[in-house]
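Take a look at what TrEMBL says about it:
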type	residues	note
SIGNAL	1-23	signal peptide
REGION	165-186	region 'Disordered'
DOMAIN	234-305	domain 'Ig-like'
REGION	365-389	region 'Disordered'
COMPBIAS	380-389	compositional bias 'Polar residues'
REGION	434-460	region 'Disordered'
COMPBIAS	439-450	compositional bias 'Pro residues'
COMPBIAS	451-460	compositional bias 'Low complexity'
């Protein structure tokens, strides 16, 4: 624009601002921020005011304590759209950044259009970022009513919802409980225009400084019937089967016969983003394999898969038929824990058995090492080394001629045949098993001995 024309426009605007103008005779233009209304402190932004009314001049006004205004000639595009781009900056949080714009014709400078909707630049600060949630989950069906909720544990006075390339109205904060604040943003029936990435901010009073942004929320719209969209419903299958044990390797296969750039796997009721994988062309069919290995009980649930094109990643195909994945049985780490516990118990039992066995052997060894007392044997016998070293059979001769039974212990030894080697003992008939045996034949010339009863004893 020539300097002379710029001066004339400024002069005409200043005159128009001091004199009465007629506003609202034409439709309001639109005002937007490029690339978006969220500007970091010290940054710059471009405000675009445009209309299809064919205005020659656009006027941008800044509201608040430090009111300002700028005007620019409109630039016409071949499709009849006229617009003006206003560079703004540097933006700081110490000032208000609320704008409106008007359009008018050069030959009628006192007749303006209706004001555009207000646009407020957001200057994020360092205060606590809020959370942006949707009760329906990140994937919504076309035509479904949707409400986004921004909430925080900081007592903000207002919240604003921002979508990339679009500014949405602000909402005053509600306080469901002390120290908390929230605001609901109903979006109405969902359509293709609602797909995109959203953030929200919290603000205190009329300050131009806002909180740090929330984590981004990607809103995906499924099933919208639009020209050029995917019309084929993908199929979803699972290997090795829909019922698996914890720790197994599971693969969910999403397939479509229609060209698809990306497949998305969504779990019913999950708040996190769906899993995304680039499709692979397999013999004319597009597919993606989602691995869930190793599975745990948390993987159980109902899954659906969708397809999308790279030209519009926020618009999805119709969902596949639901697939229910059942994860049953003990988890692998619990199985390992039980196995280790059983092994430990068995080891303790083995050690206890060995200890008791060793103790028993020691006891038998001590009992076998004790010598008989002197009252149990003849002094001469105890002094005989040959008698103490042998383990011999002992025969008892029993006589019934007296009330007391005499027990004759015959130490048959090759080293001692003396009569003093005979020992007598008291014997109870009810204990000793009787055996009738003939005495050995006497040497020739001697009278035969009386019959005797013999019992076999073992001396240890």
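A Cβ is built for glycine as well, from the same backbone N, Cα and C atoms used for every other residue.
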Using a Cβ-Cβ cut-off of under 8 Å, list the residues of the same chain that are 6+ residues beyond the ends of the region 'Disordered' (165-186) and lie near it.
32-33, 35-37, 119-120, 145-159, 196, 200, 202-203
Could you break down the residues of the domain 'Ig-like' (234-305) into DSSP helix, strand and coil, giving a count for each?
3 helix, 38 strand, 31 coil
Which residue counts does DSSP give the region 'Disordered' (165-186) for helix, strand and coil?
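The counts are 0 helix, 14 strand, 8 coil.
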